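Novice: First, the structure itself, so that you have it in front of you.
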């Protein structure tokens, strides 16, 4: 039963249904629902119940006692609200006219005296103001505490008439007053040796592990109930298998002791109205199988192709929680031949349900049931449309199995006032359950004996009550047709007979068959009139046929092939051995075989009777001739075309050889590059001191003194090592080409190049170093105005590069130099690529790349566009807004692609409003076309720079710092008096640019790497003008073997850092003594190298910039001190590897110190 809190009719009718449902039951397979009882109603019929398969619901009752005194076990296979196996709630009646809580009746005693176990689910008790003794129950002895059941108790007892528990009750726990109602403990008082239940506190009192609810002894046959299955009184985990393995024959054989599982019971055979599948008795077959009958047993069989359409009925599948067929679910019954479940038609089906907002159902849609042949549950009709006088929509229904019943009824038609006859003319079987026809005031054509022939068991019965009186039906001539037998009928006319008195023709009872006359001619077969085959010749006075087949005709209407009458003789029919059969009719209409050499049929015997021979020969000759002509013509055309092509090619070659000038065939239309490349003499510049060195060369700080002029210009000079490969020479010239091709206030240009044995690049020396160091060391003084202005200037520079078709590929804060605090320039063109006029993207082939600044398509596909530079711009802006924080600091570079693919991005900086952060987010879109263009970024940040405090929130916002001592410190040494800035000198000559100087530390300087020869700067360890202990250590420092060895060769310095200019930062402040400086530990990799180095590293332990580290496999070196690199002054410079940059494809090794 699954009505829950629904009231079926009046409370008296509801009570009668419960009495019929539960009387004399010991095991309730599904749910036990005791609801809406009245105070005077007798509930003693519940005393026989010992076990419930689902849940127990006691609700909305006025009765004083619920005598479930023999209920031992609640299995909880179905749970109320998917949580509760026992619910006791709202069992009271009160006087609503009283202002106080005046309870007139209600549940006082819940007599569950034998209940000892709930296998699954919890307990809910609420709103039972008169219930006694429930608070004394120890529920943990009953429920399975390990399954964490839901327990809800609202004990609001207001009754003063409750009796106390009997003194013999253990722990004072009882269900009601009296010794018979004490709680029975079977778990909490057990000995430690007991696995589940027991009957006493001693170890010998333990129950068998298969027992549930207690036991009377230690064996599996002594259980009060079984935890899993009951096999003839023995509790087991499984029923005996239907098949077993025979070790003698090595075969699987039938088990004579095998049994089927039915609920919690093992049976030798399933109930006849259930389906057998595997070793179980089920109500419906599983998906992919369908129900068939084999030897009188319903079995589930795998579908061969699409299964016959079987629909879910009420209470099954998608309609589990549905009470009746209504407008919301009627469409699911269209074209169904079988309904797994029930069919219920209630009053709400046709009137609608306002509570659930279900409209009335159109009665015309009942026609959907006309295709139904089987219902596995019950058919209940409590309401029927007034315009329909019969159940003829179910006229094709053949069987009602009754696997589920409604109050023991599998077919019930109740209260259909306008129903005049049933019309169930195809019904052959009601497998289980009773049949009831009640309160149908106009229903005739119902006789008890016509139902008994449909029943399968003796306990089935028919109940006919308050239908149309038989004499009234006879008076109104509503009786069976004269052609019907005494078995009765389903309605008026000869088509509604249960059985025919004489003959039956296609569902209609008739008095005679058309044996000798009439159309169509028929033959009598088992009292049925069956039509003769259409190929039978009509006869008068004698039977036309002796049976329904084509071989049972008295005479054939056309031809006869063997015993069969046929419309024509076989003509090219495929026979045995894939041979074609040809036949011709003789003079008597008999089909004769053609000669074996006839391949197109024949009109008579022998070869002379063959047809199509001449035509076939002519056709074959025509086809062969046509094919030959086609081949010859094709060959001639091919030869002519080939000779013409050869002649044309020779003419073109002769013309090309005769001409002396090469004419442009495909001009690109691209503007010429008129940039000026200044060639400098080595005598025009002076090297002052070393700024840094790497694998491919050294960077000097120097002065450019143009020949014939009295000016001194501070410059940075990059000198390529003499032993560097031709590839490195080509790369430095490529970088020089790019730097010389740009001319913009916010992009660094090349001053000149010196073509000595070692190529030298001369660039402007930027006083303030790189922007990354600037914001790191002046974060307390950098204001919103400067940050936004820098964003605008960087965007302008990148927009200029985009207009020049140049992809930077390495935009980052470390590659932006600070000329003045209000003027920054983009530099580092070691990775830049100049696209041609028709190129939109550049595909790289590996090398060292800055992974954490790259767009996702650049990481995965090595594709670089201007929109990938936009992604790097977004990361650069994030660096500025976080005052130099490292992006993805805690994530290894090898995992960056996976992080970006799953949608992770850099977090919103604390100083940024959502307006600024949204611009960064747009720069990091996966689709490159969705990212903004640089001209759009210029407009956005320009608007923000006009109102900086609206978009950036910085505590104590101050103007960007300037160091008044900067120039004095810069020019105080190294022979830098009377210098002239490079841009001031070149101002009349537009076309020359600024120097790409890189005063950055180890984590943001530009690396000396295999695929680019741009060298990095490092701190000069010999300069000790600012020898102070509070100077902060860099991430990587060179270490000294002795305190006095500070005069090492500067070209051997390994760590590239920009020279500091202020205390702890800048170009003027220098590191403290090496013994006082501790290098910072490197963090996660920020760059990956995608190709192995093509250039061998020099023998020295030179450390390339870790931002672009490539080689992770250290060179095998002797371990003695002679192999370590010691300068002439005694300074030991050990090689170091930085994990900031990984090599894709190379094995990851620990840092080598």
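Glycine is treated like the rest: Cβ placed from N, Cα and C.
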Novice: In TrEMBL, which of 573-595, 596-618, 619-641 is tagged transmembrane segment?
Specialist: 619-641
Novice: Say we define neighbours as other CB atoms within 10 Å of the CB. Which of the binding-site residues 691, 699 has the fewest?
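Specialist: Ranked by other Cβ atoms within 10 Å, the binding-site residues 691, 699 bottom out at 699.
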Novice: Could you measure between residue 697 (ATP binding site) and residue 810 (active site, proton acceptor) for me? Cα positions, answer in whole angstrom.
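Specialist: The Cα atom of residue 697 (ATP binding site) is 21 Å away from the Cα atom of residue 810 (active site, proton acceptor).
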Novice: In angstrom units, rounded to an integer, how far apart are the Cα atoms of residue 693 (ATP binding site) and residue 810 (active site, proton acceptor)?
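Specialist: Answer for this pair: 21 Å between alpha carbons.
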Novice: What whole-number Å value do you get for the CA-CA distance of residue 691 (ATP binding site) and residue 810 (active site, proton acceptor)?
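Specialist: The separation of the Cα atoms works out to 22 Å.
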Novice: Rounded to a whole number, how many Å is the Cα of residue 810 (active site, proton acceptor) away from the Cα of residue 699 (ATP binding site)?
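Specialist: About 20 Å separate the Cα atoms of these two residues.
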Novice: Using DSSP reduced to three states, classify residue 810 (active site, proton acceptor) as helix, strand or coil.
Specialist: coil
Novice: Rank the recorded positions 697, 810 by how many other Cβ atoms lie within 10 Å of each Cβ and give me the one with the fewest.
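Specialist: Selected from the recorded positions 697, 810 on minimum Cβ neighbours within 10 Å: 697.
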Novice: Provide the number of Cβ atoms within 10 Å of the Cβ of residue 693 (ATP binding site), excluding the reference atom itself.
Specialist: 27
